[in-house]
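I am attaching a structure below and will ask some questions about it afterwards.
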Amino acid sequence: MEFIDYDKQYDVIVVGAGHAGCEAALAAARMGCETLLLTINLDAIALMSCNPAIGGSAKGHLVKEIDALGGEMGKNIDATGIQFRILNTRKGPAVRASRAQADKQLYRLRMKHVMEQQERLSLKQAEVTGIVVEDGEVRGVDTKVGVRYLGATVILTTGTFMRGLIHVGLTNYPGGRAGDLPSVGLSDQLRELGFAVGRLKTGTPARLDGRTIDFTRLEPQHGDDPPVPFSFSTERIDQPQVPCYIAYTNPRSHEIIRSGLDRSPLYAGVIEGIGPRYCPSIEDKVVRFPEKDRHQTFLEPEGRDTVEYYPSGLSTSLPIDIQWAFYRSIEGLERVEIMRPAYAIEYDYVDPIQLHASLETKLVRNLYHAGQINGTSGYEEAAGQGLMAGINAALRVRDKEPLILGRSEAYIGVMIDDLVTLGTREPYRMFTSRAEYRLLLREDNADLRLRERGHAVGLVPEGAYQRFLEKRERIGAELARLKGTKLLPSEADPDFLAAFSLTALQNALTYEQLLRRPDITYEELCRIDPRAAEVPPVVREQVEIQIKYQGYIERQLDQVERARKLEGTRVPAGFDYGALPGLSAEVREKLAKFRPDTLGQASRIQGVTPAAVGILSLALKARG
């Protein structure tokens, strides 16, 4: 097929307009690059294909980090959310996480509007069927209608669209998601270029008609009052909140599900792709946990102006008649109507072990991958990768070094390091347990960790940056004040001393020492320190956490410092592991396969022993 060259060349071309593509395109354009975003359907920009929510455990951390770096996801959910909650409030600050229900259509429309208003960003509807590669470098992309777009860099954010195949029972048909065509040809070309292309599977529940649900028999779940925003730039959430509802499956539901397993593509061997371990279908739960007589579901509204509800935790690929029966077996849903059937989808992905930490591919220069093409699941994981790919493509255009976030700097850094160091054979989801320095990587300090980095690359506007500097200065000043202000036993309020078992106090205590006690909060401190009441809540929170967890934080910082040497030692491209005496054949094979960029990455490859890392370290030192 002959292609017509488009009459404009771009710095960055982004393929796909899901959550990864949106962040990638916005980042590149905001950094001054002429950017083109190509998508199969312009009306599906930032569409929430599965649950109508942003955030959750570890995912909320990712959104905060995206926002701190100058991304859009946090602002978008703040403007379109309909219920906001902080999870794990009874646990420590490291695992507290923000989550919000979204108005699904408003979320999509606002993101599309933001992108349409962005300077240097062009949006076009087209299906990309291949990339243009010359001399090992990407030069542009080809589209189904015969137009070739040329660009200095290309970012693939294809989601579930590459050879997407939708399953409902034993019926299947091509699709990128329900209602959209798949992308055909692109993954075949990637395979021909030498990429290891695999197959994954995910699924989504049915969408239920809220008019046919008896909510009086369900338990409502309300959001926090007042709602806490995601973005560090959002002052408050003004829109009214909407409740979710809790329901449960029962033994009858499970009998119905078992009766349909012979027509389940999952259990009939029709689906080849590997599904998400931590988001199993309801038939998977029933089979794997036969001792459980019920499973919880949250009925989540898809928006204010729609009757559609999303039953979380009830994804399935069972036949439609089994879907009708088992959804209607749930109390409160006896008369429920399905508006959109549940389905599973198989799609191609590219093993992320073939990427550098910048998300540039090792096989084709200037080509970047982000989102589900890398084997991840989740909007937030995709958005974090998209943001980093967009930043690094723009930096490549400027001929600057890439921005690489370390495991001690961000959950985004943990995620990307996991992907490019270990690869994945199943959909990867972020968890706080994946981060070894999670006390340093809290939601509340994402701006303190990353605002400087976002400003340095040009994504954080000057006004937002100045507000951040003022906040940081106030935190430092308050920490110094508390350290230098003392409570004298002779002058202290006797009631305060009695309340906290301090009546026997003989020596003065600083306010810092008082606040370090687990039973004394900032609120309590206000009883004896009028100035504490004047401290803004965001400063107060940060100061209290830093004081109460100081010992733990210092220990983790020591661990980071010890690991820094490994992370900073680069392994040259094409390094000959076969020439290293002392390495076992297994270690040589793994190092040659994974091709780590740094000594730190090498140390995290399964089977590479500390002794092998030591040998490699000595060899690198000898090379100078």
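Glycine too: its Cβ is placed from the backbone N, Cα and C atoms.
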If Swiss-Prot gives Gly16, Ala17, Gly18, His19, Ala20, Gly21, Val128, Gln372 as binding FAD, which of Ser57, Ser183, Ser329, Ser408 does it give for that site as well?
Ser183
Are there any residues at least 6 positions away along the chain from Gly18 (FAD binding site) with a Cβ closer than 8 Å to its Cβ? List them or say none.
Ala46, Leu47, Ser49, Thr157, Gly159, Gly371, Gln372, Tyr379, Ala382
Of the residues named as FAD binders, Gly16, Ala17, Gly18, His19, Ala20, Gly21, Val128, Ser183, Gln372, how far apart in Å are the Cα atoms of the most distant pair?
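Largest Cα to Cα distance for the FAD-binding set is 18 Å.
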Around Val287 (NAD(+) binding site), which residues of its chain at least 6 apart sit with Cβ under 8 Å of its Cβ?
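Same-chain residues close to Val287 (NAD(+) binding site) (Cβ under 8 Å, separated by 6 or more) are Arg258, Leu261, Tyr267.
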Residues with Cβ closer than 8 Å to the Cβ of Gly16 (FAD binding site), same chain and 6+ apart in sequence?
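Non-local contacts for Gly16 (FAD binding site): Leu38, Thr39, Leu156, Thr157, Thr158, Gly159, Phe161, Gly371.
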To which of the binding-site residues Ser281, Gln372 does the lowest count of other Cβ atoms within 10 Å belong?
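Comparing Cβ neighbours within 10 Å for the binding-site residues Ser281, Gln372, Ser281 has the fewest.
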